[in-house]
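The structure appears below as structure tokens.
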Amino acid sequence: MTYPERPLLHLLTRTSLVGQIIVGLIAGLLLASFFPAAALKVGFIGKVFVSALKAVAPVLVFVLVMASIANHRQGQQTHIRPILLLYLVGTFSAAVVAVIASFAFPSSLVLASHPGEMSPPGGIAEVLQSLLLSVVDNPVNALISANFIGILAWAIGLGIAFRHASDTTRNLLSELSNGVSLIVKVVIRFAPLGIFGLVASTFAESGVEALKGYAHLLVVLLGCMLFVAFVVNPLIVFLKIRRNPYPLVLTCLRESGMTAFFTRSSAANIPVNLQLCERLGLHEDTYSVSIPLGATINMAGAAITITVLTLAAVHTLGIAVDVPTAILLSVVASICACGASGVAGGSLLLIPLACSLFGIPSEVAMQVVAVGFIIAILQDSAETALNSSTDVLFTAAACEAEERKASAA
């Protein structure tokens, strides 16, 4: 017995998520252009998508960070410390570049609403006071109220505590993390429909001005990533190896960044990076640890995304930011970026944590996340390419520096 073919279902299963998002974006634009009244009604789909993101984000941050810390292995004898330092310096430098670019070229977003009961911080002292109170919040209340700083604090604390637990307990945490990540992936699969509703309603209400705002935001994001890839990272590598870094930089971008751009997953690109390290003749005991570690914590692209989108929301809402607070944002964005690995849309879902520094409500922060999904077609690909290629770049730089030091001894 033969069953009739279902070309629509076949097309959906064969088309990538990026392709589906592009279709949803174009369909939303067309609907808003020709049937604005209908476009306003389908905005409900976008609201459902944003609500789903709001529901999953707190649990995601809590479980992911706790499981990651609990399952960290101790006692590995490798030259990992210099590479770890490069990862942290690179991520923080990327956040600083994003802060400078956001001040030099401020972006404005078209948000559905500007809540009137906002209480933006007056300066660094007030921010630190609010930060401390958020850290010591009740964990249940932190999850319910989406207090991401409190969630992060409890996740780190419990993760450290569970490092001394039995293997069974740590495996359970790892499986729990995988389960939550699967739920996130299911939510992200509905991104094309959510983007369709968001784009249709946004452009029906705001017209071409919203598109201009997104274009400017995308230019700032990609400009920061290109600057980090071709200026900041080569400078860091030069200080480490004391020779022309660009042959190595271009090799990593070509061999690792190209595949990462299309897979949009640092975890999926780990085999590619391991093979590239082998071809470069690097120390196997080092890169076998540093590459998976880099896929977890080396997140310069994510730091840029979190910083630029957060400051875009701050600029849109008219919140004044002083220099110390901007520096604190760079630190927070770097820490947030380390928790964005291996998760679909991870860097976008951590934006509310950074937004909370400025008293921005979760409702507004998740609208910013939705904007991020609209531009994610290019943003996420470029972010992953920067993150993954830098894993090999910094590993190669550290290995070469160690070899030079050993030969000089």
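Note: Cβ is positioned from N, Cα and C throughout, glycine not excepted.
Swiss-Prot has this to say about the protein:
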TRANSMEM  17-37  transmembrane segment
TRANSMEM  49-69  transmembrane segment
TRANSMEM  83-103  transmembrane segment
TRANSMEM  142-162  transmembrane segment
TRANSMEM  180-200  transmembrane segment
TRANSMEM  218-238  transmembrane segment
TRANSMEM  301-321  transmembrane segment
TRANSMEM  331-351  transmembrane segment
TRANSMEM  357-377  transmembrane segment
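Per-stretch counts of Cβ pairs under 8 Å to the transmembrane segment (218-238) identify 83-103 as the leading one among 49-69, 83-103, 142-162, 301-321. The transmembrane segment (49-69) makes contact with the transmembrane segment (142-162), as judged by at least three Cβ pairs under 8 Å among residues 6 or more apart in sequence. At the 8 Å Cβ threshold, with sequence separation of at least 6, the transmembrane segment (180-200) lacks contact with the transmembrane segment (83-103), having fewer than 3 such pairs.
The stretch in 83-103, 142-162, 301-321, 357-377 that contributes the largest number of Cβ pairs under 8 Å to the transmembrane segment (17-37) is 357-377.
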